[in-house]
Amino acid sequence: MISCHAAEDPIKKVAIFGGTHGNELTGVFLVKHWLENGTEIQRTGLEVKPFITNPRAVKECTRYIDCDLNRVFGPENLGKKMSEDLPYEVRRAQEINRLFGPKDSEDSYDIIFDLHNTTSNMGCTLILEDSRNDFLIQMFHYIKTSLAPLPCYVYLIEHPSLRYATTRSIAKYPVGIEVGPQPQGVLRADILDQMRKMIKHALDFIHNFNEGKEFPPCAIEVYKIMEKVDYPRNESGEIAAIIHPKLQDQDWKPLHPGDPVFLTLDGKTIPLGGDHTVYPAFVNEAAYYEKKEAFAKTAKLTLNAKSIRSSLH
C-alpha cells in the first residue's frame, strides 16, 4: 500500500529576519546575537542566515524611515527602477529581494522567519499566508505542540481584498512570528524567551523533515482575518472613543454581538454590531493607530494537512 503523503523537496536555505520594524526589539536582539554566535540556530545540512532587514530604522529605534518595509514587497515596488528618489524602504526591499529572492522564483530562499513584536496581548502568534500549504500547517502544528502548555495562536491573513506584500513573502514558505505584549523600543525577557523557543522548534521541525521523518495528517485551529475595525472618529477625523476596558488585552477571546468595544470620554459604551461572534487580534496595537486599525476581527476555523515527508526519502 502506498502511503498518502505530500512529497516535498528538502529545505536547504532558511533566513531569520529581525528589525523589519526597527522598534520591535526582540527580533533585533536575537538576530544580532545569532550573527555573533549562531550555534543554537545551526542544523546539519541547513543554511540558516540571520539578517537585520531595516538597519536604518533599527539604528533610530523607529518602525520605519520612509514607509512600512513589511508592506512594500509587491511587484510594483520590486519592479521600480532603482534611484535615490525612491523611499528608503523600497530601495531596501529591492536589495532584500536580490539577496533572498527573487520573489516567486526557484532561487528564492525556502523559508523566511520574520520576527515581530506587538504591543497587543497576543502571546505567541504564527502568521500564515496560505491556508492550503500542508508543509506550513505541519510546521505550525509541531511548534504549537512543542510549546504546549504555552498557547500559540495562528493568524491566517488570506483575504480577497486585504493585501500585505510582506517582507517574508519572497520566500517559498513565509512565516511571520509575532510575540507580545511588548512596548515599542523595549525588551522583555519572557517575550524574548518565547520567540527564541518558537524559532528553536521551527528549526527542529525542518531538521526532522530533512532527515526523512514522516509527519502524519494533522489539524490546527486558526484565526482568519475578516476585517479591520477603525476607532470611532469625529468630523475632523480624530479618534472619538478608545478601546473599552473589557476588550483591552482580550486578543483571541470570543467577542459577541452587543459586547463592549469602545468607550467615549463622556462614558458612552459602543458595542459590537452584527450577528456573529468574532475573535479580536491586534487589539489597540500602537503601530496601527496610523493605519486606522483599532483591532482586527477574525473567525475561528480548522485547517487540515496531509501527511508530509521529504522527497529524498
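Please read every residue number as a count from 1 along the shown chain.
A Cβ is built for glycine as well, from the same backbone N, Cα and C atoms used for every other residue.
According to TrEMBL, the domain 'Succinylglutamate desuccinylase/Aspartoacylase catalytic' annotation covers 11-206.
When other Cβ atoms within 10 Å of the Cβ of H21 (Zn(2+) binding site) are tallied across all protein chains shown, the result is 26. What TrEMBL lists as Zn(2+) binding site is H21, E24, H116.
Within the same chain, the residues at least 6 positions away from E178 (N-acetyl-L-aspartate binding site) whose Cβ sits under 8 Å from its Cβ are H116, N117, T118, M122, T125, L126, I127, Y155, listed in sequence order. Per TrEMBL, N-acetyl-L-aspartate binding site is recorded for R63, E178, Y288.
Taking a C-beta cut-off of under 8 angstroms and a sequence separation of 6 or more, R168 (substrate binding site) has the following same-chain neighbours: F17, I112, F113, D114, P174, V175, G176. Residues or ranges marked as substrate binding site by TrEMBL: N70, R71, Y164, A165, T166, T167, R168.
Per TrEMBL, active site, proton donor/acceptor is recorded for E178.
Marked as domain 'AstE/AspA barrel-sandwich hybrid' by TrEMBL: 219-299. Mean pLDDT, taken over the domain 'AstE/AspA barrel-sandwich hybrid' (219-299), works out to 97 on the 0 to 100 scale.
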Check: Out of N70, R71, A165, T166, T167, which of these binding-site residues is nearest H21 (Zn(2+) binding site) by C-alpha distance?
Finding: N70
Note to self: Using the CB centroid of R63, E178, Y288 as the N-acetyl-L-aspartate site centre, which other residues of the same chain sit with their CB within 8 A?
What the structure shows: H21, E24, H116, N117, T118, T119, F282, E285, A286, A287
Margin query: Please identify, from the binding-site residues R63, R71, H116, the residue with the sparsest Cβ neighbourhood, meaning fewest other Cβ atoms within 10 angstroms.
Written below: R71
Next item on the list: Look at each of the binding-site residues, N70, T166, T167, and point out the one with the fewest other Cβ atoms around it within 10 Å.
Entry: T166
Checklist line | Number of Cβ atoms other than its own within 10 Å, given for Y288 (N-acetyl-L-aspartate binding site) | finding: 20
